Amino acid sequence: MNKNSSNVMAMAPSTSNKRETVCIFGTGDFGRALGHKLIQSGYPIVFGSRSTQAPSLIPRDAEVLSHAEAAQKATVIIIAIQRQHYNFLTQLAETLHGKVLVDISNNLKMNQYPESNAENLAQLVPGAKVVKAFNTVSAWALQSGTLDASRQVFVCGDNMQAKQMVMDIVRSLGLTPVDQGSLLAAREIENYPLQLFPMWKFPIFLSLGLTAFFFFYCLTYNVIYPYVHENQDFSFYIAITIANQICPTLALILLASVYLPGVLAAIIQLYRGTKYRRFPDWLDKWMLCRKQLGLIALAFASLHVLYTLVTPIRSFIKWRTSSQTISEALNNKTEPLNNTNAWLGDSYLALGILGFFLFVLLGITSLPSVSNSVNWREFRFVQSKLGYLSLILCTAHTLVYGGKWFLYPSSYRWYLPHAYMLSLIIPCIVLVVKFVLIFPCLDKPLTRIRQGWERNPQYSE
Ligand code: NAP
């Protein structure tokens with residue numbers, strides 16, 4: 001009774017500026033790093049350890065006691081011990097009754113145990129208030145202060161007051177607590193550190209697959225075909241010419257694939273007449289990684305710009321220009337300026353420059369620091385309206401450059417069209433379908449569906 005009431009008192013908001021003592025079980029890497037940081041933030045620290053001989057790496061101002069003695073000195077106890085060693089805590093159940101136990105542990109595999117480590121801790125010490133926190137912060141980052149990428153600390157727990165106490169500690173360390181709800185969320189939080197770029201997998205595999213496909217396609221078209229038919233060696237095309245065909249092709253296809261799932265989702269919603277049915281899993285996943293697809297597309301577009309800028313200094317281009325000039329000089333004949341070609345050339349460059357500018361703008365607005373400073377409407381305006389405008393400009397840039405090849409039979413080698421023609425297929429489909437969806441006969445019902453209207457309501461009023 002006495003013990004419980006002392007814990008309740010300890011949990012009451014403190015009126016003095018003095019910080020409450022925090023206890024850390026375990027003097028390993030994480031325990032020590034967190035101990036250092038807490039001491040820097042003004043918290044008295046006591047370590048609970050199997051050995052009371054303070055190791056040399058322990059912060060000088062910290063006490064090292066047995067687990068039971070240390071636990072009695074604090075209300076918040078951070079368990080910096082691996083889950084497989086938790087069993088000894090059952091013997092301390094009485095001492096830990098009413099205390100706030102912070103589980104920071106991680107696993108080696110996703111969903112390694114049927115229940116989360118934090119839930120396991122709560123089962124071992126049923127009288128304690130278990131809170132999950134700190135597991136996504138690394139000991140190294142805590143100690144070196146390089147916490148830029150991991151400033152967020154995910155916190156969850158069933159007891160609001162205990163969770164609040166832990167979030168206050170997180171805040172005073174200069175970190176940002178993110179309340180994830182009840183202890184049930186611990187399972188998901190424990191999986192976070194094991195995820196390796198989860199949103200990047202599909203975009204990276206897709207772009208690698210497309211790069212390999214277009215590399216062999218362009219190799220066949222530009223190098224193997226001339227070699228077989230004209231015995232000409234254009235193998236040096238691999239370094240820049242082919243790379244500069246793959247990059248714009250992929251940039252355009254990936255940019256279009258950012259907008260393709262939105263168009264497919266609109267068609268599905270129109271067909272079903274409701275927004276209250278789940279999209280197929282593949283479409284859900286595709287929608288979630290649109291930002292990553294867009295960023296990879298931007299990387300390919302930037303490479304295309306660089307490859308294009310070096311064109312005038314390529315020896316092949318210099319040779320071609322000089323031999324043209326010499327042949328004109330020898331024939332004493334100057335080719336007249338072709339106005340149509342000059343227009344086409346300048347328009348194609350202008351469309352490319354404007355398209356790339358908007359593309360970069362889209363990339364910048366997807367940065368968290370920028371997207372956090374605009375409201376939802378502004379973000380949608382940039383990502384949707386400017387995004388489509390960028391897609392239109394980039395598609396027009398490719399059409400002006402390579403569209404004419406559709407008409408020339410000589411541009412089909414072994415019945416294969418030029419890569420630029422292939423790159424136009426998906427963007428043109430997206431733009432045409434989007435254009436059709438703007439018609440009021442489709443746009444109006446789609447807007448109503450997105451506002452909650454259903455063609456065949458499930459629950460009639
Ligand atoms: P560690 O360096 O191996 O330290 C673990 C500590 O646990 C030991 O120093 C020891 O402290 C105590 N311990 C070991 N065996 C024990 C046993 N049988 N009974 C009681 N106590 C025992 O591990 P760590 O890297 O600090 O990680 C500790 C926890 O933090 C783990 O659950 C880990 O998943 C989590 N975590 C670590 C990091 C990180 O970057 N290291 C990041 C996030 C989360 P005493 O000798 O003082 O008893």
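Cβ atoms are placed via backbone N, Cα and C, with glycine included.
Annotations in TrEMBL come from automatic prediction, not curation.
Worth saying up front: this structure is predicted, and the values here are computed from it rather than measured.
According to TrEMBL, the protein carries these features:
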type	residues	note
DOMAIN	21-107	domain 'Pyrroline-5-carboxylate reductase catalytic N-terminal'
DOMAIN	249-393	domain 'Ferric oxidoreductase'
TRANSMEM	204-228	transmembrane segment
TRANSMEM	248-271	transmembrane segment
TRANSMEM	292-310	transmembrane segment
TRANSMEM	347-365	transmembrane segment
TRANSMEM	386-407	transmembrane segment
TRANSMEM	419-442	transmembrane segment
To what whole number does the mean pLDDT across the domain 'Pyrroline-5-carboxylate reductase catalytic N-terminal' (21-107) round?
93
By Cβ distance under 8 Å, which residues at least 6 away from the ends of the transmembrane segment (419-442) in the same chain are close to it?
214, 217-218, 221, 245-246, 248-250, 252-253, 255-257, 259-260, 263, 266-267, 270, 388, 391-392, 394-395, 398-399, 401-403, 405-406, 411
Tally of DSSP helical, extended and coil residues in the domain 'Ferric oxidoreductase' (249-393)
120 helix, 0 strand, 25 coil
Would you mind splitting the domain 'Pyrroline-5-carboxylate reductase catalytic N-terminal' (21-107) into helix, strand and coil residue counts from DSSP?
32 helix, 19 strand, 36 coil
